[in-house]
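The structure appears below as structure tokens.
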Amino acid sequence: MYFTEQHNIDISPIMFDNFDQKDNNFRHSVVSTTTTATTATTASNSTQRLSVESSLEEDNIATYSPRQNISNNDGLKHKILNRFYSDSKETLYNLRQCISVDYALEDAICSDWMYKYETPSFSFSKTWKKRFYVLANNNVYVFKSTKSTNPAKEQFMLTEDTFVFVTEEFKKGYVIELRKPHFKWHIRCDSVEQMKLWLESMKKIVACIKAGYSGTFNPLVLSSLKLTEDYQLLDTRFSKQQSLPNSGNNNRKRVSSIMISRQSLAEIPDWETLIPPQSPPPRSRLPPIPLPTVSE
């Protein structure tokens, strides 16, 4: 006979409680691990974002650093200094741009208040603005006021390709147009006399430049010139590339030529070889002059 031993297994509720507790601990550990990983990932992402933002801020600071502003200010200072201490060509150009009222009026041919047409930027802006004009040599300067140190706002140089005429483009009369290729001015005068004075002066200057005159223009030079009624032809009484003659210069030239002609032959070296020999006098008499025949 076989005898079987029976083992009694005590399955108490405490064992189930232990299993449940271990399961819960495992779950908590998994959750905590996941939370820690998520927190670490979030922290790393935020750290990367902060590093990127800090780098961008550093770039912005480098871009708008005060050192560059200082360098820009230094560049501006150099430009200002170069404006007054530069090469001859640049100096002449800057002097033209910095003409003052006093400097322009020293050799002014005519000067007066007139109106300049400016293209309106807005519909309510003024198109005609009152300005002080000065015609000096072959330049027309525009000033905002007559203050002695006020610089020229604009400048128009009269050259051989400049056209000066009266235009009827505007309703208001007495308007002079100065035109060059791709450039023009409109000047409105207050009276006919003012328009004639400026029109004739500028036309004379342009006509003289076309004729080859390279001297300086002044009221005395322009008053000695005459234009035709259509302001086209110039009555030139001077040679090209020279100034207009005057009585003083002519007298000096005549005296010098007389003194040279009266120079003695003794002062000329080898004058005997320089002067050609004279022809011998004629031996025979000249034939008589024929008398005019009278027709019957």
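Including glycine, each Cβ sits where the backbone N, Cα and C put it.
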Under TrEMBL, the annotation region 'Disordered' belongs to which of these stretches: 63-88, 271-296?
271-296
Secondary structure of the domain 'PH' (107-207) by DSSP, residue by residue, totals 16 helix, 45 strand, 40 coil
